[in-house]
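Undergrad: Mind looking over this structure? Questions follow.
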Amino acid sequence: MTTSQDLAKQDAARRAVDLVRSGMVLGLGTGSTAKLAVDEIGRRLAAGDLHDIVGVPTSEATERQAAALGIPLSTLDRHPRVELTIDGADEVDPHGRLIKGGGGALLREKIVATASRRLAIVVDASKLVERLGATFPVPIEVTPFGWTTHLDPIRALGGEPVLRARDGTPYRTDGGNLILDVTFAGGLADPEGVAAAIRARPGVVETGLFLGFSPEVIVGHAR
Ligand SMILES: O=C(CO)[C@H](O)[C@H](O)COP(=O)(O)O
């Protein structure tokens with residue numbers, strides 16, 4: 001059954017793909033909404049409405065999807081400058097700050113977003129929050145070595161970390177790392193301060209706090 005949330009995600013994905021022009025180097029995001037955008041790019045390529053697109057995927061899952069759709073793929077090594085990236089988010093605040101990483105791809109997503117001239121974030125209205133962390137834990141990617149050393153310092157910052165697991169075993173990112181999902185009761189009063197304190201710890205690879213990107217946020221609606 002197609003829900004109104006599915007329709008809203010589809011609407012956001014289509015409107016983001018309207019920003020794509022032939023010849024662009026495109027960052028391809030990860031997650032269910034970004035997946036709809038990748039499907040739409042594939043459709044427009046097949047229909048001949050777009051041509052000469054090169055996609056830089058942000059995860060192995062997106063790479064498989066795009067390859068199956070016949071979207072020509074590249075890497076940041078070959079195309080270090082990305083014109084436009086289309087990606088989803090778990091939360092968006094009124095300042096365009098994001099939580100990402102619900103799908104575990106936060107590291108590659110942040111690298112590709114940083115290499116991008118424009119970042120289009122595709123969401124439905126349920127992702128819009130007044131304060132980051134209000135509804136979604138902050139994912140933190142950490143090396144397996146020494147991961148427990150982060151737990152008490154994160155608690156001292158007001159967070160409650162939980163090791164992400166899938167089917168009873170620790171979840172591994174595409175880079176082979178672990179993810180701590182950190183709940184901040186009431187959300188984050190100072191996302192920049194918390195991000196800086198966590199990032200400063202050896203063994204922390206990246207956080208899902210995407211701050212300072214000034215994304216174009218496309219909120220889909222069920223029509
Ligand atoms: O950051 C992500 C993956 O790492 C996703 O973009 C985020 O989790 C949103 O996913 P969805 O569109 O399925 O809600």
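In case you wondered, yes, glycine gets a Cβ from its N, Cα and C as well.
Relevant sequence annotations retrieved from TrEMBL are reproduced here:
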type	residues	note
BINDING	T30, G31, S32, T33, D87, G88, A89, D90, K100, G101, G102, G103, K127	substrate binding site
ACT_SITE	E109	active site, proton acceptor
Undergrad: Using DSSP with the three-state reduction, classify G102 (substrate binding site) as helix, strand or coil.
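TA: Its secondary structure by DSSP: coil.
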Undergrad: List nothing but the one residue from K100, K127 whose Cβ has the fewest other Cβ atoms within 10 Å; the candidates are the binding-site residues.
TA: K127
Undergrad: Starting from the Cβ centroid of T30, G31, S32, T33, D87, G88, A89, D90, K100, G101, G102, G103, K127, the recorded substrate site, name every other residue in that chain with its Cβ within 8 Å, sequence order please.
TA: G29, A34, E109
Undergrad: Would you mind ranking the binding-site residues T30, S32 by how many other Cβ atoms sit within 10 Å of each Cβ and giving me the lowest?
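TA: Across T30, S32, these binding-site residues, the one with fewest Cβ atoms within 10 Å is S32.
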Undergrad: How many whole Å apart are the CA atoms of A89 (substrate binding site) and E109 (active site, proton acceptor)?
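TA: Distance between the two Cα atoms comes out at 10 Å.
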Undergrad: Give the helix, strand or coil assignment DSSP yields for T30 (substrate binding site).
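TA: It is coil.
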Undergrad: With Cβ-Cβ distance below 8 Å and at least 6 positions apart along the chain, what are the contacts of G102 (substrate binding site)? List them in sequence order.
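TA: Looking at Cβ-Cβ distances below 8 Å from G102 (substrate binding site), excluding near sequence neighbours, one finds G31, D90, F136, P139, G208.
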Undergrad: Measuring Cα to Cα, how far is S32 (substrate binding site) from E109 (active site, proton acceptor) in Å?
TA: 14
Undergrad: Which residues of the same chain, at least 6 positions away in sequence, have a Cβ lying under 8 Å from the Cβ of D87 (substrate binding site)?
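TA: Result: G27, G29, T30, G31, A34, T58, K100, E109, V112, A113, L119, A120, I121, V122.
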Undergrad: With H, G and I counted as helix, E and B as strand and the rest as coil, say where DSSP puts K127 (substrate binding site).
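TA: In three-state terms, K127 (substrate binding site) counts as helix.
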Undergrad: Taking the Cβ of the residue listed as 'active site, proton acceptor' as centre, how many other Cβ atoms lie within 10 Å?
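TA: Other Cβ atoms within 10 Å of the residue listed as 'active site, proton acceptor': 30.
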Undergrad: Taking the Cβ of A89 (substrate binding site) as the centre, count every other Cβ atom within 10 Å, in any protein chain shown.
TA: 27
